[in-house]
Amino acid sequence: GIDLLFVYKVLSPQYASQFLTRKRRANSFLEESKGGNLERECIEELCNKEEAREIFENIPETEYFYPKYLACLGAHRSGMASKHNNKNDEGPTDLRTCVNGLPDQCTPLPCNKDGYKECIDGKGNFTCVCKQGWQGTLCD
């Protein structure tokens, strides 16, 4: 009884209610219904291979990315602990740099050489912009 009375007098009702209304960054309500996102799944949180597969939406890129991601985690584990102990809300910068250091997805060129106008690199993905008269994901 005395401890509860002490807490009641120390915390105002407004301050105490802030803990009930905080917006969650990760694992938010209905997060499973959202598409995969490299920043959310593998930097703000630690991702497993299934989550990486949801991000890249194909097996070859997942198989390429995930071992490199695990190597990033191993190389930066001590940096993660020290960065999380400060008030940096952005997550560990060195892990972000490592994870975002994916190679150019347009090299080697995935698009049909005859039908593409431009290849746009994305995080673990690419977009082939087709010449007039060509269409499809690879401008076939």
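Glycine too: its Cβ is placed from the backbone N, Cα and C atoms.
Residue environment of C111 (disulfide bond) contains 23 other Cβ atoms, counted within 10 Å of its Cβ in all protein chains. Positions annotated as disulfide bond by TrEMBL: C111-C128 (among others).
In the shown protein chains, 21 other C-beta atoms lie within 10 A of the C-beta of C139 (disulfide bond). What TrEMBL lists as disulfide bond is C130-C139 (among others).
Summarising the annotation, TrEMBL assigns domain 'Gla' to 25-71. Per-residue pLDDT, averaged over the domain 'Gla' (25-71), rounds to 75.
For 102-140, the entry in TrEMBL reads domain 'EGF-like'. Using a Cβ-Cβ cut-off under 8 Å and counting only residues 6 or more beyond its ends in the same chain, the domain 'EGF-like' (102-140) has close neighbours at 38, 55-57, 61, 65, 68.
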Subject >> Distance, C139 (disulfide bond) to C128 (disulfide bond) (CA atoms, angstrom) >> reply: 7
Subject >> C111 (disulfide bond): secondary structure state under DSSP, collapsed to three categories >> reply: coil
